[in-house]
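My questions all concern the structure below.
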Protein chains: 4
Amino acid sequence: MSLNTSLRDAISANLAQTVADYKDFHRTPELSMQETQTAATIRSTLEALGLETHTFGGTGIVSVIENGEGPVVAYRADTDGLPIAEDTGYDYASTAEGTLPDGSTTKVMHGCGHDTHITVGLYVARYLVEHKDLWSGSVVMIFQPGEETGEGARAMLDDGLWNSIVRPEVIYGQHVWPGKAGHIYVAKETAMAMSDCLKVTVRGKQAHGSQPESSIDPIVLGAYMITRLQSIVSREISGRDMAVVTVGTFHGGLKENIIPDSAEFKLNIRTFNEEVREVVLNRVERVIRAEAQASGAPEPIIEEMYRFPRCYNDPAATDQFLDVVGAELGEEQVHLDRAVTGSEDFGAFGDDIDVPYVYWFFGGYSPAKFDGDEPPAGNHSPFFAPDDVETTLKTGIRAGLSAVLSTVGK
Amino acid sequence: MSLNTSLRDAISANLAQTVADYKDFHRTPELSMQETQTAATIRSTLEALGLETHTFGGTGIVSVIENGEGPVVAYRADTDGLPIAEDTGYDYASTAEGTLPDGSTTKVMHGCGHDTHITVGLYVARYLVEHKDLWSGSVVMIFQPGEETGEGARAMLDDGLWNSIVRPEVIYGQHVWPGKAGHIYVAKETAMAMSDCLKVTVRGKQAHGSQPESSIDPIVLGAYMITRLQSIVSREISGRDMAVVTVGTFHGGLKENIIPDSAEFKLNIRTFNEEVREVVLNRVERVIRAEAQASGAPEPIIEEMYRFPRCYNDPAATDQFLDVVGAELGEEQVHLDRAVTGSEDFGAFGDDIDVPYVYWFFGGYSPAKFDGDEPPAGNHSPFFAPDDVETTLKTGIRAGLSAVLSTVGK
Amino acid sequence: MSLNTSLRDAISANLAQTVADYKDFHRTPELSMQETQTAATIRSTLEALGLETHTFGGTGIVSVIENGEGPVVAYRADTDGLPIAEDTGYDYASTAEGTLPDGSTTKVMHGCGHDTHITVGLYVARYLVEHKDLWSGSVVMIFQPGEETGEGARAMLDDGLWNSIVRPEVIYGQHVWPGKAGHIYVAKETAMAMSDCLKVTVRGKQAHGSQPESSIDPIVLGAYMITRLQSIVSREISGRDMAVVTVGTFHGGLKENIIPDSAEFKLNIRTFNEEVREVVLNRVERVIRAEAQASGAPEPIIEEMYRFPRCYNDPAATDQFLDVVGAELGEEQVHLDRAVTGSEDFGAFGDDIDVPYVYWFFGGYSPAKFDGDEPPAGNHSPFFAPDDVETTLKTGIRAGLSAVLSTVGK
Amino acid sequence: MSLNTSLRDAISANLAQTVADYKDFHRTPELSMQETQTAATIRSTLEALGLETHTFGGTGIVSVIENGEGPVVAYRADTDGLPIAEDTGYDYASTAEGTLPDGSTTKVMHGCGHDTHITVGLYVARYLVEHKDLWSGSVVMIFQPGEETGEGARAMLDDGLWNSIVRPEVIYGQHVWPGKAGHIYVAKETAMAMSDCLKVTVRGKQAHGSQPESSIDPIVLGAYMITRLQSIVSREISGRDMAVVTVGTFHGGLKENIIPDSAEFKLNIRTFNEEVREVVLNRVERVIRAEAQASGAPEPIIEEMYRFPRCYNDPAATDQFLDVVGAELGEEQVHLDRAVTGSEDFGAFGDDIDVPYVYWFFGGYSPAKFDGDEPPAGNHSPFFAPDDVETTLKTGIRAGLSAVLSTVGK
């Protein structure tokens with residue numbers, strides 16, 4: 001049940017423009033929950049297709065493509081960039097800047113490839129609008145902001161998304177990653193990890209750098225906390241289970257000869273199931289509190305910043321997706337893969353209304369990139385961007401359309 | 001050989017104004033090498049005494065009080081504040097702000113008590129001008145900026161201080177600290193530590209927080225470096241020698257779910273002699289480079305930021321100081337003490353022209369402050385400020401005048 | 001295709017004696033490669049069944065049960081105990097002692113349950129001998145010593161096992177573990193981890209405990225090595241892969257006030273595939289050598305003690321086993337499980353002659369043991385021993401016979 | 001007030017025999033509190049001088065040399081060896097063995113030079129007996145066992161030493177160390193550190209090495225404790241104070257693939273004053289208990305093994321000693337030195353009856369040994385032994401006699 005020939009021809013015929021649109025998005029990333037220009041472009045593009053647009057959660061845009069009787073499906077793309085200084089060397093590399101919540105300025109980059117998601121999503125919408133003869137029913141197109149901070153899906157839901165928009169029977173979404181361009185990778189059941197983010201304020205006691213005995217040194221204490229945290233994954237979790245504990249930031253001290261009063265670090269925790277998650281969270285807190293005691297320090301402050309839910313691919317919907325996308329792209333291009341340690345708030349759209357969903361990955365690199373000793377750069381690297389943009393985008397569009405049409409297609 | 005009665009009376013009579021002047025300086029601290037308002041006030045005060053002023057190193061002010069034939073002595077006071085948010089609760093507490101070299105804004109505080117040094121220095125000058133009958137010769141009054149960053153003495157010397165100003169035969173200086181108000185503390189020979197400051201750039205490899213295996217994690221690496229550095233003092237230096245290794249700052253990462261490309265920390269090292277200094281510097285570099293190797297990381301970058309020389313009190317000049325200040329304040333108020341681990345660039349003025357010098361401490365707290373379990377706050381603490389301001393300043397002035405007059409007094 | 005009724009009846013009828021035999025083995029464990037009494041008992045038991053016995057690798061015993069034309073299968077049981085002081089409280093608990101290779105004395109315990117393996121193996125042999133009407137072909141019964149040290153299988157193979165004994169077309173083996181008595185657990189393809197054991201000699205420099213500056217402290221260095229090794233699993237291996245790095249021993253120093261010249265620790269590494277294994281071994285060596293450099297210590301000595309190969313269950317043979325044992329014990333008693341992180345030298349028998357094999361686990365605890373907060377004690381714990389011995393042994397015998405008869409049964 | 005010529009001549013004339021006696025003691029060291037052969041030799045030597053001997057504390061020997069009216073002084077030598085395998089290469093190197101309290105066998109060495117102490121002590125006694133014309137009064141010669149374990153002085157005192165032996169008005173003692181042969185080193189007031197020894201039992205939970213999640217790993221926990229303890233000296237004690245924290249032993253685990261139930265380490269702590277001692281002991285306990293909490297481990301067991309008191313040289317007695325030994329050996333051979341970080345139970349003899357005492361060091365190496373990059377081996381090293389035995393012993397005898405005769409000499 002591969003795509004109709006006229007649809008395939010349209011995808012190929014428009015590819016130069018598709019790539020050009022992608023490069024525009026690539027040049028102009030915006031930070032999470034600040035995607036105002038990006039949202040404006042999405043809105044005007046959808047409206048140019050004759051669609052009505054709705055705004056949820058500030059910079060989230062939704063259109064429903066209606067086409068008579070039939071099932072309702074949803075397709076979601078996320079739209080935000082990251083505080084990374086791009087280092088790809090492409091002539092369309094980003095030079096954008098943004099302002100972080102703490103007021104500091106940063107370079108911004110589509111370092112997670114959401115520019116491909118926007119582009120693919122807008123072309124999926126266009127082809128559905130232009131080929132209404134091939135399907136009937138409704139398709140809800142969701143352009144979600146703030147995925148990187150775990151805020152966007154929640155903001156759209158809290159803003160009443162499913163109260164005013166028709167509820168689908170299945171939801172699809174996809175993500176570019178450092179796989180081979182032209183290939184699709186999907187996991188059944190657990191697809192992506194849960195993620196918990198904590199902020200830890202290490203409290204010490206300030207003193208002159210020459211008099212550590214008058215201080216409680218929060219930098220040394222923080223360093224002991226971080227080295228001690230390594231033993232959670234190495235000693236307290238079974239080799240058969242998955243846990244990743246990353247300290248992504250550490251900040252303390254203004255001057256080399258003053259031992260500061262406090263320091264701060266932020267933790268990101270990935271797990272595949274609730275039981276392991278509870279163990280890790282419990283151990284992280286235990287280690288941090290005990291290390292503070294070892295220093296005779298005041299109680300550290302541990303705050304939950306946000307959490308991502310598990311992304312659980314419905315088995316039946318995944319099997320159906322495997323069938324149709326295998327038929328479209330060729331069996332050998334479609335891989336049933338293990339769950340990944342990355343996280344997504346995509347699952348929230350389905351979990352919120354108890355609707356099944358499928359989330360998959362599409363590759364972004366030409367095969368030659370995999371020949372060397374070093375694998376190609378991964379998401380969140382300053383070097384991450386598809387090198388074979390045409391194949392990458394075409395494959396994303398064909399996979400997205402195949403999935404949507406597997407439900408609403410005639 | 002205590003101070004003349006009329007001089008003592010003058011000190012007491014002016015005490016209310018002395019305290020008021022101190023509070024003005026306390027309210028308006030400025031960061032190192034940015035002491036423009038402070039320098040302007042010093043300049044106008046000296047000029048109001050009829051003295052000519054000279055500027056060295058941008059914000060360093062010098063006046064020579066000439067009074068006929070006789071010896072030449074110098075007296076030095078330092079003038080800069082610190083990037084600390086004051087927390088003393090005094091109604092004259094600082095609310096000043098300043099801009100650090102990296103462009104960020106910070107609260108500023110006279111957290112090391114240099115406001116007492118300026119006040120004492122200006123009144124020493126005043127009494128010398130007003131009591132020329134008591135002495136003959138010349139006194140060089142040096143108001144030095146940028147002591148906290150080790151820049152100020154060097155800047156004044158490099159700007160030609162001793163080429164244009166008459167060279168003294170001895171130099172005096174003093175520092176307030178958490179001792180008892182009314183008391184003087186001085187060490188013979190080694191008086192203060194050498195200080196070396198290093199900046200370490202920990203280089204890693206950026207990756208998504210869920211994929212540490214694709215990264216070289218510079219925060220975990222930095223934490224291992226910092227914990228490993230502890231063993232230098234604990235294992236590689238004799239218990240009979242002195243070494244302090246403080247990591248005063250550690251900064252890395254922008255976002256909890258991105259393992260950053262690099263992190264940075266700054267080290268401050270204190271030692272009393274060149275041999276131990278060499279061992280510590282060598283070991284610090286060895287540990288940092290080896291830890292980078294343990295992570296398979298690129299070579300870290302270790303840069304010397306600045307260093308403070310040793311402060312070596314001339315034995316004969318110190319004995320003379322002990323005699324005169326003991327006579328002035330009472331033997332039991334004057335303490336021959338061990339060397340302190342703090343550092344100063346005061347010594348550079350004498351070392352540069354091979355002239356002997358004496359540097360001592362005067363206490364800032366009333367006796368009751370020492371009764372509790374907790375000692376009173378030390379220098380560089382947000383809580384540091386004299387509570388018995390009158391006694392503190394009066395003692396500083398009497399000690400300073402005693403020292404100067406022990407050489408130029410009639 | 002479940003077991004013949006007369007065979008089942010025999011198993012039940014003999015159960016009291018089976019349990020008594022088990023308890024005898026439990027009381028009298030011997031250390032690896034020293035199983036002389038155990039081997040003698042096995043030999044006499046097999047000979048009492050009319051079988052000829054062959055000795056390989058010192059304490060390995062083999063008998064071939066010949067029964068006319070037909071396929072040849074092998075069944076392997078391992079026989080050695082561990083240097084653990086039993087703490088089960090059972091009246092048949094071991095009080096045995098043994099001598100370790102370094103000459104020291106230790107309590108010995110069947111802490112890994114090999115006593116059940118011997119008992120089950122001998123009864124499998126007995127029933128095959130007593131029920132020759134049910135099958136035809138040959139069954140090679142292998143009683144292997146020295147599994148715990150990875151020496152036994154290699155010793156039997158090096159002693160010419162497959163040169164003098166008829167080669168089978170499939171090999172079976174099983175292990176008791178802390179699952180439910182009556183249940184069978186098996187993984188397809190990778191079944192157990194590879195294991196690498198290293199001995200590390202940390203070289204330092206001896207000195208008086210009060211003069212660490214004259215020493216290179218191998219205990220502090222070893223401690224830094226061990227804490228630093230934690231980051232290999234936590235940071236350098238994907239959460240989707242498996243690696244366990246255990247430091248099982250650390251020994252250094254004779255007297256608290258002498259910093260010793262050296263210390264020694266032993267590492268055990270578990271991985272599921274060669275690629276991850278290479279990364280871990282490389283990183284372990286990198287960390288150990290770099291930490292020695294951080295201490296300015298002589299090169300540490302890293303020696304490979306032994307390694308266990310992967311245990312890879314042939315997919316077709318595993319499917320066949322799942323069918324027959326599911327038919328015998330009930331589908332719901334048989335679990336297709338994930339690979340375990342433990343290791344075995346069982347795989348060497350098949351790998352050596354390129355013959356497929358299947359290795360599975362049988363549970364040792366009654367269901368009530370799983371109700372509390374604490375899971376029941378695992379292998380190598382001083383508390384490990386089946387509490388429902390009857391069910392445990394009966395299930396082992398039924399599973400073993402089912403597997404063997406699935407190939408040679410009529 | 002140097003030694004009488006006939007006494008000096010006697011010392012020189014007997015030097016070959018003195019050296020031969022030293023080598024005999026060097027060859028035959030015995031472990032602490034097991035010095036039975038050594039005590040027998042001392043006893044017979046003293047009795048051959050016509051002295052009565054008394055035994056205290058098992059292997060402690062005392063003789064009082066009586067010589068009419070006059071002051072009473074005491075001289076003490078310690079007699080025990082160490083569990084070190086000698087590596088000096090001398091033809092008189094020890095090959096002795098001994099049995100440690102835990103039953104294990106060890107090589108034994110006079111690795112702290114007590115063989116020189118015995119030899120010097122016996123010759124001091126001999127010369128006092130043979131030259132009674134030069135002095136009057138009484139000299140108490142104390143040969144003390146078990147100095148290395150802090151047991152010996154206490155054992156002799158508890159055995160009633162000062163109840164049955166005449167009490168002296170001053171006590172002298174000395175120790176060989178890696179200074180220059182012919183030179184004497186002495187500190188006034190605090191002369192040697194206090195020493196506290198602790199035994200720590202790290203309690204965990206045993207499990208198979210492949211299943212750390214079922215364990216509480218006491219080796220990793222112990223390693224974290226040891227690395228964390230480094231920060232006490234580096235961060236919690238002023239650079240101006242002295243503290244040494246040495247972990248001299250660590251033992252855990254029998255088999256690399258079993259995570260053990262517990263591990264044990266022993267700590268030795270050196271400090272110069274009670275205040276710092278209390279801080280260190282408090283912090284050591286705090287760190288150890290907090291680290292156990294970080295692992296979720298049972299409370300570790302911290303036991304005091306023994307402690308050494310401070311060795312405090314009476315200022316007046318030290319001044320007198322400096323005068324007489326300077327006169328005897330030459331001013332430039334006698335050094336007023338800083339306190340050392342080593343410890344001694346010598347002070348207990350005087351502290352017990354409130355009698356002043358002086359303890360000094362005499363060098364053991366020829367000057368050429370100090371020319372290279374490496375200092376000569378220190379006490380407790382397998383390479384420690386005087387290379388210029390003649391000068392070493394002669395200087396010890398002259399210093400000992402000078403001290404004794406400064407009080408009882410005519």
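Including glycine, each Cβ sits where the backbone N, Cα and C put it.
Annotations for this protein, taken from TrEMBL, read as follows:
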type	residues	note
BINDING	C:CYS112, C:HIS114, C:GLU148, C:HIS175, C:HIS380	Mn(2+) binding site
DOMAIN	C:198-292	domain 'Peptidase M20 dimerisation'
Looking at the domain 'Peptidase M20 dimerisation' (C:198-292) alone, can you tell me the average pLDDT?
96
Taking chain D as the partner, extract the binding-site residues from C:HIS114, C:HIS175, C:HIS380 whose Cβ is under 8 Å from a partner Cβ; order them by sequence and answer 'none' if none remain.
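Of C:HIS114, C:HIS175, C:HIS380, the entries that lie near chain D are C:HIS380.
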Within 10 Å of the Cβ of C:HIS175 (Mn(2+) binding site), how many other Cβ atoms can you find? Include all protein chains, please.
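Neighbour count, Cβ to Cβ under the 10 Å cut-off: 25.
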Determine which residues of this chain, when C:CYS112, C:HIS114, C:GLU148, C:HIS175, C:HIS380 are set aside, have a Cβ within 8 Å of the centroid of the Mn(2+) site's Cβ atoms, and list them as they appear in the sequence.
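In sequence order, the nearby non-listed residues are C:ASP78, C:ASP80, C:LEU82, C:HIS110, C:GLY111, C:GLY113, C:GLU147, C:ASN379.
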In sequence order, which residues at least six apart in the same chain have a CB under 8 Å from the CB of C:HIS380 (Mn(2+) binding site)?
C:LEU82, C:ILE84, C:GLY111, C:CYS112
Three states by DSSP: which one describes C:HIS114 (Mn(2+) binding site)?
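Once the DSSP labels are grouped into three classes, C:HIS114 (Mn(2+) binding site) ends up as helix.
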Test of understanding: give the count of other CB atoms lying within 10 angstroms of the CB of C:CYS112 (Mn(2+) binding site).
28
How many other Cβ atoms sit within 10 Å of the Cβ of C:GLU148 (Mn(2+) binding site)?
23
Please list residues from the chain of C:HIS114 (Mn(2+) binding site) whose Cβ is under 8 angstroms from its Cβ, counting only those at least six apart in sequence.
C:PRO29, C:ALA77, C:ASP78, C:THR79, C:ASP80, C:GLY81, C:GLU147
In the domain 'Peptidase M20 dimerisation' (C:198-292), how many residues does DSSP put in helix, strand and coil?
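Reading the DSSP string over the domain 'Peptidase M20 dimerisation' (C:198-292) gives 41 helix, 32 strand, 22 coil.
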Return one of helix, strand or coil for C:HIS175 (Mn(2+) binding site), based on DSSP.
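Looking at the DSSP assignment, C:HIS175 (Mn(2+) binding site) belongs to a strand.
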